[in-house]
């Protein structure tokens, strides 16, 4: 690492004022900040003094999201092989490999589009590149169905970065959650691609892995089945583990709980925020059930759909639950 540090110090003058590559100063600064702690000090007093900086915060949140991401990849393959009736004959490598190949393009599109806009915006405004999209770039693919076309995802990422973040001044000044903005854009612009019974299972084989399913294949989520008045086909155990159709990263309560432990242990998220969301959800579910307004049990509200993911990763977002 010292060799890389020395090389960056050697070429750094080229990107500073007066250097021949000064126009790309923000790009170099962003790359350097990603690798090392920035060698800068605040020009004004800080409202919170802590040894952790924004880059480390974002890194820990990404680490907390990895269990949901990895399980989401496996579940994408699991649902495909299960729908084709070949799950028993498939190996772990085949199931996970298919899910990995299905999810990877969405991650790449999210980061390429989102970071590309952030780099271009920083160049245009002559500002430093911020780390905020490192987290948003992984959350956005996790809260969409696997069948979402890449071009829709690209539009959603562009909309969210520009209109939910950059026009307000960037990370720390935006009033909207970027990932929620992307999800809302997709839901209201392309509702048929975000809901229903046809969007939750990957239907095409990838590089010889997986199965090609019929065009008319449908698979409702357990929450969708309950909403229609029928019993869910998945057991409560499968729902907690995450072996159910749904958005890529929202199905496994266990994987999300691991992420919650990481966020709480590092002090990045507040247990009060998470606890308030769960308490509010449980109380309202009990009230609705007591009034006969819904047949869904309170715990089904918690383990089905994106409730847990929202409580852990959305409600605790710095924009959603600001401290200053």
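A Cβ is built for glycine as well, from the same backbone N, Cα and C atoms used for every other residue.
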Looking at the ranges 14-38, 89-113, which is given as transmembrane segment in TrEMBL?
89-113
Near the transmembrane segment (57-77), which residues from the same chain, at least 6 beyond its ends, have a CB less than 8 A from one of its CBs?
90, 94-100, 102-103, 131-132, 134-135, 138-139, 142, 146, 202, 209-210, 242-244, 248-252, 254-256, 258-260, 262-263, 266, 268, 309, 313
Surrounding residues of the transmembrane segment (240-265) on its own chain - C-beta under 8 Å, 6+ positions past either end:
60-61, 63-73, 75-76, 78-79, 103, 106, 139, 141-146, 200-201, 219-222, 232, 234, 271, 274, 302-306, 308-309, 312-313, 316
Considering only the recorded stretches 89-113, 175-193, 277-296, state which has the highest number of Cβ pairs under 8 Å to the transmembrane segment (133-163).
175-193
